[in-house]
Each structure stands twice: as structure tokens, then as C-alpha cells.
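Report on one structure; see the data block that follows.
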């Protein structure tokens, strides 16, 4: 296989190795490159809740390419045209949000594969993914290098988790704590005892099925707990939240009445 098509992130997931990541919501190549120099195993470039265009995603992929941190792209949704664009700009690993059923999971898998194995549109000669046609036999090799992760973040998805885990081509399942807690009736309270119990059970089910389990936890104790439950790819922070907290902390050093950083959000 061409060296440009190797996917060390996927290979480490196959081996069950733990990989620590960072969420990127700042939408700039400059910030993405700074994060890539820090040494995280993977970087999630967010196109769901961060206002990233395809061109923004493209520039961030370029910015992190020289470094060891592996980029994971989360598009706003899992439609076939959007997945095609994200793969063509060079993403090797995708995290697809809001996958509730096995049928949805199969559709996402199909969107990432060229015919006859799927429905990905053919355009390698004009795509960064194939280095504009310079990677020989790209279509024959690329499937093995793609890593497909799906998000389970609703009660419906939990009810269908075993069927989703049975779908061939799904490499890992990521638990979305914020949406999941809201769907379970505990909005903005992913730390609720019942939500935590369900998260633990789900992680163990995912690993028992031979898939990788993922999570985003901005609180260090929650990240450690997820690792203890068996999660093997964990994002331990969000760049915009870390930046915001650092600003608050620095200001609190010089202005009275400031209480310092707070953990913001549902993660």
C-alpha cells in the first residue's frame, strides 16, 4: 500500500491501544497546527457544531499533515454527497454524528466505499485524497485505510446498539454525552448517575463486540473513568474551552472579583 494511504490511528484501534485526543472547534488552520504540535494522538476537527466549511476543513487537514497527530473529521451529518467531499479533501477517519439505526450505519459505510462495495462517487484525479491522481491504484487500496466511527447519542441509538455494532465497516462507536443525556431526560447533566450507568454499560458493550469505543470528556476525572471502563479513544478537551478557561484564569490573576475558570457545557 502507498505510504500516504496508511492509517496509524485505525491500526492502533485494531490493536486496542489507548489514544488521547483533542476537540478542535476554533475553525482555523493556525490553531489546528498549534494543537498538532502538542503531541495528541488524534485531533477531532468539528464540522457539526463548529462553523467549518469544506474549505476550512481542507486547510486544517493541510495544517496538521506534517505532524503525528491524526485528524478525524466530524461532518455536520452523514449524507452521501458530504461524505464524498470530506473524503476527497483527504480525510481518512470520519466521525458521523446522530447514527440511530443499523440501516443508517450501512448507508454511511456505503457512502465511504467505491463501487462495487459502495456508492462513493469517483473523482480521484481531481482529489487531494489521491494526490490528484498521483497515487497509483488509489481506488483499489483506499478502503483498507479508511476508518469509520459513528456516534450513538440517543435512546433510539442505544436500543439499536447491538445491530449497529454488527454492521461491517464500522470501526468504532463514539458515545455523545451531551445529546445522549438530553435524550434520556437529563439535559445538560451527563454526570447524572443513570446517565453514567448507561455510558459505562454502552462502552463495555462496544468493546465486547470487538469495536473501538470513544468519548469526549473535558473533566479529567471523567476521562479517567471512561478509560477505566475500556474506552480506547478519548478526547480530553476542547480547544475553544481551554482557550476560554485560560483567558479567565489569567484575568483572575490581575482583577478582583473573578473566580477563575469554570467547566462549561455538558461534556
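Glycine too: its Cβ is placed from the backbone N, Cα and C atoms.
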Per Swiss-Prot, member of 141, 151, 196 binding substrate alongside 178, 179: 151
Winner by Cβ contact number (other Cβ atoms within 10 Å) across the recorded positions 49, 74: 74
DSSP-derived structure type at residue 179 (substrate binding site), helix or strand or else coil: helix
Residues flanking the substrate site, with Cβ no more than 8 Å from the Cβ centroid of 151, 178, 179 and excluding those residues themselves: 97, 98, 153, 154, 175, 176, 177, 180
Cα-to-Cα gap, residue 151 (substrate binding site) vs residue 74 (site 'Transition state stabilizer'), nearest whole Å: 10
CB contacts for residue 179 (substrate binding site) [other CB atoms within 10 A, all chains]: 19
